[in-house]
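*Asks:* Structure incoming, see below.
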Amino acid sequence: MDHRPPAFRYFIKSASLSLTTYRYLVLILTFLAYTSYHATRKTTSIVKTVLDPETHNVGMWPLSNFHPRATTGGGWAPFDGAEGPQLLGILDLSFLAVYSTGMYFAGHLGDRLDLRIFLTIGMIGTSIFTSLFGVGYWLNIHVFGYFLVVQMLAGLFQSTGWPSVVAVVGNWHGKRKRGLIMGIWNAHTSVGNISGSLLASLMLKYGWGWSFVVPSLLMAFVGLALFLLLPPRPESVGLDGNEIRNGVREPLLGGEGEENGKKRKAVGFWAAWQIPGVTAFAFGLFFSKLVAYTFLYWLPFYISHTEIGGEYLSNWKAGMLSTLFDVGGVIGGILAGHLSDSLDARAFTSVLFTYLAIGALFIYRYFGSSSLLMNATLMIIAGMFVNGPYALITTAVSADLGTHESLRGDSNALATVTAIIDGTGSAGAAIGPLLTGYLSAKSWDSVFAMLMVAALLAGLLLTKLAWAEIKRNERLHLCFRRRNSSDGMANGVSHSVEGV
């Protein structure tokens with residue numbers, strides 16, 4: 001059966017493209033795909049100020065405002081009443097709950113289906129149900145159940161994205177530079193957040209329905225391009241996967257295909273949990289993503305309600321300032337990926353960034369209000385250390401574990417492992433904003449204490465793996481041995497002086 005994408009089947013000669021060209025094509029297509037996933041995910045937070053104009057004055061649920069306060073009237077029933085913030089909060093929680101649950105099933109299916117088809121279905125489905133939320137504007141729908149069901153179905157189709165794009169990129173890029181490559185590639189999350197917010201904001205003046213429909217149409221267009229062009233693995237365009245993996249080129253991760261004449265099978269869900277490191281990284285990401293998504297949903301709200309340099313910023317300025325957290329996240333993802341490649345130590349790098357995030361959060365909370373410049377600088381630093389391990393675990397670590405040596409080359413678990421790790425992390429992403437809603441009503445100090453404890457727990461869960469890397473990694477082992485030797489010499493000199 002011919003598994004080549006339609007464009008390579010009818011228009012492009014597969015043999016005319018080099019391996020490097022294929023890799024760039026895969027990186028670009030998957031980058032655009034997940035950028036569109038995040039862009040459509042952000043629309044609800046932007047439209048909240050129109051559905052319930054008073055929501056941003058309530059301490060229950062955050063708004064990511066990247067535009068001035070809407071002046072289109074008294075809101076949209078049923079969100080414009082006294083229970084508006086709670087109803088909007090239920091939409092957020094329901095979306096993330098279905099998204100995290102669906103991730104487990106999506107990864108299981110992704111290791112068994114053609115990832116090009118699976119991704120296309122997910123993108124088109126997301127586009128349809130995100131648009132249907134906006135269609136409620138023109139059909140004058142005011143039934144909460146309609147918006148709840150549409151949002152939950154959108155979350156279900158959104159869950160197909162992450163395990164699939166990570167699996168495709170992992171199929172084409174070997175382990176040696178995977179951390180750096182995926183660190184750069186992972187910028188799609190921040191690009192999607194920012195572009196989705198700006199696009200939805202621009203569409204508000206034409207009616208809030210367009211804020212859902214336009215990003216959805218763009219996503220459908222990217223999904224069509226992906227269907228026509230994306231080769232999910234080297235074998236799908238006639239390349240010899242064995243030669244690529246075992247030749248002079250760096251080895252590539254394999255998708256489901258042929259290896260030494262034997263068809264490689266996908267491992268089961270519970271078997272994937274038993275791969276060494278999966279459980280620790282999954283629950284480490286639970287707490288890491290709790291911190292990251294609390295900032296995603298709450299940061300603009302926090303900034304607008306905190307006196308910075310002697311004044312309170314408008315919602316527009318607070319929203320624009322909050323994008324610097326994503327800028328720091330891009331830098332952190334690249335630095336974490338590069339460092340983990342250089343040291344060949346994913347867990348050590350994750351733990352290092354996570355522990356540094358605790359200090360960054362403390363400093364941002366207590367010194368970020370001194371001036372606008374100080375707030376911006378500390379926010380970038382916090383974003384760097386918070387999102388660095390989050391980006392590393394969801395990309396390079398997932399790809400590494402998905403082809404762990406314990407699988408012995410006979411099976412494929414790349415999408416399943418990615419789904420397990422990010423699905424568990426997404427549960428934390430749902431819980432963090434919910435807890436913040438209650439804690440912020442008491443004090444923001446309580447919120448930041450929760451975030452620092454979560455970061456500490458994430459680090460502790462990965463410390464054992466990090467220590468194992470130190471013991472087996474020659475460069476890290478020498479580094480720590482020199483440090484211990486230096487301490488010993490210092491103690492010896494101290495005792496000698498005391499003896500004299």
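Just so it is clear, glycine is given a Cβ too, placed from its N, Cα and C backbone atoms.
From TrEMBL, for reference:
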type	residues	note
TRANSMEM	21-39	transmembrane segment
DOMAIN	28-471	domain 'Major facilitator superfamily (MFS) profile'
TRANSMEM	87-105	transmembrane segment
TRANSMEM	117-139	transmembrane segment
TRANSMEM	145-172	transmembrane segment
TRANSMEM	184-204	transmembrane segment
TRANSMEM	210-230	transmembrane segment
TRANSMEM	270-298	transmembrane segment
TRANSMEM	318-336	transmembrane segment
TRANSMEM	348-367	transmembrane segment
TRANSMEM	373-393	transmembrane segment
TRANSMEM	413-435	transmembrane segment
TRANSMEM	447-467	transmembrane segment
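Help me picture these features in the structure, burial and contacts included.
*Replies:* Panel annotation: around the transmembrane segment (21-39), residues 119, 123, 126, 158, 161-162, 165, 168-169, 172-173, 181, 185, 187-189, 191-193, 195-196, 199, 215, 218-219, 222-223, 225-226, 229-231, 234, 237, 239 of the same chain, lying at least six beyond its termini, place a Cβ under 8 Å from a Cβ of the stretch.
Same-chain residues lying 6 or more positions outside the transmembrane segment (270-298) and placing a CB less than 8 Å from one of its CB atoms are 45, 61-62, 64, 92, 96, 193, 325, 329, 347, 350, 354, 357, 361, 382-383, 386-387, 389-390, 393-394, 397-398, 401, 404, 406-407, 413, 416-417, 420-422, 424-433, 436, 440, 447, 451, 454-455, 457-459, 461-462, 464-465.
Outside the transmembrane segment (318-336), and at least 6 residues removed from its termini, the chain residues within Cβ reach (under 8 Å) are 64-67, 179-180, 183-184, 186-187, 189-190, 193-194, 197, 292, 295, 299-301, 303-304, 349-350, 353, 372, 375-376, 379-392.
With a threshold of 8 Å between CB atoms, the same-chain residues lying at least 6 positions outside the transmembrane segment (373-393) that come near it are 179, 182-183, 186, 189, 281, 284-285, 288-289, 291-292, 295, 303, 308-309, 321-322, 324-333, 335-337, 340, 346, 349-351, 353-354, 356-357, 360-361, 363-364, 367, 421, 425, 455, 458.
Tertiary proximity for the transmembrane segment (413-435) is limited to same-chain residues at least six positions away from its ends with a CB under 8 Å from its CB atoms, namely 61-62, 89, 92-93, 96-97, 99-111, 115, 159, 162-164, 166-167, 170-171, 253, 255, 266-267, 269, 271-273, 275, 278, 281-283, 285-294, 297-298, 390, 393-394, 397-399, 401-404, 407, 450-451, 454.
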*Asks:* Please compute the mean pLDDT of the model over the domain 'Major facilitator superfamily (MFS) profile' (28-471).
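*Replies:* Here the mean pLDDT over the domain 'Major facilitator superfamily (MFS) profile' (28-471) amounts to 80.
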*Asks:* What same-chain residues lie close to the transmembrane segment (210-230): Cβ under 8 Å, and 6 or more beyond its ends?
*Replies:* 5-8, 25-26, 29-30, 32-33, 36-37, 39-40, 43, 46-47, 115-117, 119-120, 123-124, 126-128, 130-131, 133-135, 168, 196, 199-201, 203-204
*Asks:* Are there residues at least six beyond either end of the transmembrane segment (117-139) with Cβ under 8 Å to its Cβ atoms? List them, or say none.
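*Replies:* Long-range Cβ neighbours of the transmembrane segment (117-139): 33, 36-37, 40, 43-44, 76, 106, 109-110, 146-147, 150-151, 153-154, 156-161, 164-165, 168, 207-213, 215-217, 219-220, 222-224, 226-227, 230.
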